[in-house]
Amino acid sequence: MARFIFVTGGVVSSLGKGITAASLAMLLQAKGFRVSVRKLDPYLNVDPGTMNPHEHGEVYVTDDGAETDLDLGHYERFTGVTACKFDNITTGAIYSKLLKDERLGNYTGITVQVIPHVTNIIKDFIMSNTNGFDFIICEIGGTVGDIEGLPFFEAIRQIGNKLKSANCLFIHLTLLPYVKTVRELKTKPTQHSVKELRAIGISPNILVCRAERNISKSAIDKIALFCNIKPEYVIPAIDQKNIYLVPIAYHNSGLENKVLNFFNINLVPSKLDKWYDIIGKIKDSNSKVKIAIIIKYHKSHDAYKSVIEALNHAGIYYKYKIDLLWINAENLTEENINKKLLNINGILVPGGFGVRATKGKMIAIKYARTNNIPFFGICFGMQLATIEIAQNLIGIKDAVTEEFKIKGTKIIEKINKNSEDVTITIKNTHISKCTYSEEFECDTSTVYSNIHEDSNKESTHRLPIETNFGNISDIKKTMRLGAYPCNLVANTIAATAYQSLEINERHRHRYKFNNEFQNIFEQHGVVFSGFSKNKQIVEIIELPELRWFIGVQFHPEFKSKPFEAHPLFIQFIKAAIEYNKCN
């Protein structure tokens with residue numbers, strides 16, 4: 001039977017519960033255990049797919065097409081285990097299922113309540129799909145005391161009572177703030193956080209204390225005394241310069257051994273060679289390469305979390321520090337671009353939606369193309385690159401994307417159901433219309449995803465929930481989600497990078513390149529080096545006459561890992577390093 005580990009947080013949010021859960025999973029893996037990591041989010045959205053990136057951060061897409069929390073990216077990057085739709089759940093998804101079942105009469109007329117009905121669905125999610133794993137680590141989003149999180153805490157309390165300590169462990173992450181006037185780390189917020197957790201009925205077995213400096217033995221003893229925890233089970237979590245130093249820091253504190261001791265499991269040696277290799281490369285990274293990221297969502301860099309990490313992975317590969325220059329595309333003009341992109345070694349335009357900030361992005365793309373600066377366009381960045389090429393290189397001055405709903409020559413068009421030759425199925429029907437406060441208006445329409453090899457296997461899991469909040473009359477409104485195969489053209493930059501002619505990458509887009517313009521683009525030097533299996537969707541474009549200019553329709557950042565950097569990011573950083581040396 002799998003053992004369950006619940007990671008909760010207190011005092012403040014964004015303490016690093018996801019990194020802690022991912023680090024522990026990796027450390028247990030290093031001892032030979034099989035681990036699954038899951039995220040339970042208390043918000044009422046069905047999934048993050050329609051949430052403002054400024055507010056939520058990036059939407060992390062799994063192979064099977066689930067739009068999930070960015071913490072699943074940490075889980076994948078640290079453990080190397082591919083996440084799936086069964087690894088993330090929200091309050092919105094839970095209530096969607098609950099209300100649907102109630103309307104269908106599945107509750108046989110009884111009064112439907114938070115306890116036991118909501119908590120039962122949460123428990124079903126946690127306890128399902130556990131075969132083949134030694135440990136299930138569940139991160140509870142938010143902080144203890146949040147109203148929206150109470151059903152989740154109640155559910156894991158019930159699981160703890162049922163499984164007892166032999167099979168269930170609670171880890172609580174708190175903050176020890178440093179007060180400069182007294183030059184002391186304060187333990188009182190941690191004491192109150194544990195008090196709040198115990199009032200719910202959960203007594204933490206391990207306390208992980210986040211601090212900006214070393215924690216004294218007297219502070220640890222004080223925390224242990226007032227929180228009723230043995231001092232050896234109070235684990236310091238000192239701020240690190242790089243998140244990939246965190247797992248080894250936890251290892252040096254004995255976190256995974258404390259977990260195994262709690263479960264009375266014999267200790268075995270850890271195999272951490274690849275992580276020590278990463279740490280060595282990070283510490284040996286003395287040179288820098290400067291990359292400009294041309295962004296729309298400038299209030300939170302978490303909107304581009306996987307892109308940041310993928311760049312860092314390539315930097316680790318070459319023992320280079322990645323110096324990121326964040327450029328708000330709305331403030332970029334023809335007049336100031338030379339000043340803003342001074343001494344840049346590479347330009348990256350990541351994915352996004354909507355018309356806002358596109359002018360600045362296209363100015364940056366033109367600047368990269370005309371100055372022969374290494375360029376990498378991802379998803380929407382690739383689409384804008386084709387529009388820029390059409391307008392300024394080919395001469396199609398009115399080139400536009402259908403997404404903007406303005407008159408012009410549609411270089412980018414909406415995907416239709418026949419654009420993909422693999423079998424597709426409706427994943428979700430959570431159709432809603434939402435307007436971001438400072439964003440674009442978006443239609444969240446019928447979502448399609450390809451059926452993967454294991455999609456036909458019977459699952460006892462009740463989630464993800466199929467909901468219906470609208471009329472799915474317009475079947476052409478599609479979102480191409482998840483991993484799809486892509487065929488590469490031999491002797492191209494892409495084929496050289498991948499060292500293969502068949503790849504599989506994750507997607508999240510509604511629009512694609514209009515194939516009617518392929519010939520005229522090729523006449524002007526554009527190489528189409530990647531296609532979907534039936535060649536209906538262009539996946540990769542290149543300008544081989546330039547130093548390094550590539551746009552991809554997919555999201556390669558989702559598959560990059562610190563010990564296995566993505567080949568396209570490796571080649572992009574290589575080109576940037578060479579450009580830096582030449583200039």
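Every residue gets a Cβ built from N, Cα and C, even glycine.
Source: prediction; values computed, not measured.
Going by Swiss-Prot, these are the annotated features:
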type	residues	note
ACT_SITE	CYS379	active site, nucleophile
ACT_SITE	HIS555	active site
ACT_SITE	GLU557	active site
BINDING	SER13, LYS186, THR187, LYS188, PRO189, THR190, GLN191, LYS222	UTP binding site
BINDING	ASP71, GLU139	Mg(2+) binding site
BINDING	GLY352, PHE380, GLY381, MET382, GLN383, GLU403, ARG510	L-glutamine binding site
REGION	1-265	region 'Amidoligase domain'
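Closest to GLU403 (L-glutamine binding site) by Cα-Cα distance, out of the recorded positions LYS186, LYS188, HIS555, GLU557, is HIS555. With respect to their backbone Cα atoms, GLY352 (L-glutamine binding site) and SER13 (UTP binding site) stand 26 Å from each other. For HIS555 (active site), the nearest neighbour among the listed binding-site residues (ASP71, PRO189, GLN191, GLY381, ARG510), judged by C-alpha distance, is GLY381. Among the listed recorded positions, namely CYS379, MET382, the Cβ with the most fellow Cβ atoms inside 10 Å is that of MET382. Spatially, by CA atoms, the recorded positions CYS379, MET382, ARG510, GLU557 include one closest to ASP71 (Mg(2+) binding site), and that is GLU557.
Within 10 Å of the C-beta atom of SER13 (UTP binding site) sit 11 other C-beta atoms, taking all shown protein chains into account. Taking all protein chains in view, 23 other C-beta atoms sit within 10 angstroms of the C-beta of GLY381 (L-glutamine binding site). Ranking the recorded positions PHE380, GLN383, ARG510, GLU557 by the distance of their Cα atoms from the Cα of LYS186 (UTP binding site) places GLU557 first.
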